[in-house]
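**Student:** Questions regarding the structure given below will be posed in turn.
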Amino acid sequence: MLGTINTTGMQGFNKSERCPRDTRMTQLLFPVLYTVVFLAGILLNTVALWVFVHIPSNSTFIVYLKNTLVADLIMALMLPFKILSDSHLAPWQLRGFVCTLSSVVFYETMYVGIMMLGLIAFDRFLKIIMPFRKTFVKKTAFAKTVSISVWSLMFFISLPNMILNKEATPSSVKKCASLKSPLGLWWHQVVSHTCQFIFWAVFILMLLFYAVITKKVYNSYRKFRSKDSRHKRLEVKVFIVMAVFFVCFAPLHFVRIPYTYSQTTNKTDCRLENQLFIAKEATLFLATTNICMDPLIYIILCKKFTQKVPCVRWGKARTAGSSEDHHSSQTDNITLA
C-alpha cells in the first residue's frame, strides 16, 4: 500500500511540473469577487453575531443557528488569505500557509455549516410533525452535544491535512497537491469522499424533511382556508432554504470528485485538468456566497432574530394589517420560527 501511495504522490508532483496551471481568471476576476463576498459576509455576520449575543440559547433551533454563524464567520476570516494568495499580492510563503492551513479550516467550517443546516431542517421537521411531543432531541443539551460532535468530527478528519505535508518551496506551492506527502494525498482523497457523503446525505434528508413539512403545511391551509396568499408565501419560504442550499453547495460537489481525481492521478491531460480547476474555483466561489445567504435564513426562519434587528422589526410593523394577516403571521412563526 505504501508503494502505491508513494507512486501516486510522485505522479502528482511530476504532473505539477509538466502541467502549468492557467491562473489568469483566478488571479484577476475571483479575488475581486471574493473581496465583495468577504466585505458583505463580515458585515452581515457581524450584525448577526451582535443579535445572537443578545438571544439566549434556550432552544435547539437557536443553538444550531449560533453554530452556523460561528462557522460562517470563520469561513469569512479565511478569505483574505485566499484573496492575497490568488492575486499574487503576497509572498509565496503565504500560498504555503493557504494550502496547509487556511484552506483546510475553510473547508472544515463549510461542512460544519452544511451539517448545521441539516440539523436545522431536522429541528423544523420535529416541530411541525411532533409539535407537542417531548423528546430528548428537542432539548438544548442534545443540540449542544451534537454541535460539539460535528465540530470535533470535522476537526479530527481535517487535522491530518494540516500535518501530512512536505516543506513548502516556491515551485511546490503553485499547486497544493504538490505540497502533500504520499500519505497526505491518500488522506486528502479519503476526506474528499467523506465530505461528498456528508453533503449528499444532508441534502437527501433535507429534501425529505421539507417535503413532509410542505405537505403538512399545505394540508393545514386546505383545511382552514383553501386559497391564501400567506400559504403561497410560506411555501416559497420553505423552498428558498432548499434552493439556497442546493445552488450554493451542489455544483461544488458535482465538480469536486473529478477534480480531486485529476489532482491525485497521472491520467488527466493538462487541458482537462485546467478546465476542472476553473470549474472548481467557480463552484467554490458559489459555495462561499453561503456566508451571505445564511443571515437571510436567520431573518426568514427566526422570529427572535427579527425582533432584535431594528430595521427588520420596523419593516414588519409597517406591513402589519388586519387581524387575519396577524393570524397568518403567527401561523408562519409556528411553522418556521
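Glycine is no exception: its Cβ is also placed from the backbone N, Cα and C atoms.
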**Student:** Swiss-Prot annotates one residue of ASN266, ASN333 as N-linked glycosylation site; which residue is it?
**Tutor:** ASN266
**Student:** The disulfide recorded in Swiss-Prot for CYS176 goes to which of CYS99, CYS195, CYS248?
**Tutor:** CYS99
**Student:** Do the topological domains in Swiss-Prot put LEU101 and LYS174 on a single side of the membrane?
**Tutor:** yes
**Student:** Report which of ASN6, ASN58 appears in Swiss-Prot with the annotation N-linked glycosylation site.
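**Tutor:** Checking Swiss-Prot against ASN6, ASN58, the N-linked glycosylation site entry points to ASN6.
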**Student:** Using a Cβ distance cut-off of under 8 Å, indicate which of 102-122, 145-165, 282-302 has the most pairs with the transmembrane segment (32-52).
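**Tutor:** Stretch with the highest Cβ contact count: 282-302.
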**Student:** Which residue, out of the disulfide-bonded residues CYS99, CYS176, shows the minimum number of other Cβ atoms inside 10 Å of its Cβ in this structure?
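**Tutor:** Checked CYS99, CYS176; of these disulfide-bonded residues, fewest Cβ neighbours within 10 Å: CYS176.
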**Student:** Are there residues at least six beyond either end of the transmembrane segment (61-81) with Cβ under 8 Å to its Cβ atoms? List them, or say none.
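**Tutor:** Answer is 34, 37-38, 41-42, 45, 48-49, 52, 55, 94, 97-98, 102-103, 105-106, 109-110, 112-113, 116-117, 119-120, 123-124, 127, 140, 143-144, 147, 150-151, 288, 290-291, 294, 298, 301-302, 304-305.
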**Student:** For the transmembrane segment (145-165), I need the partner stretch with the highest count of C-beta pairs below 8 angstroms, choosing only from 102-122, 238-258, 282-302.
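**Tutor:** Of the candidates 102-122, 238-258, 282-302, 102-122 scores highest.
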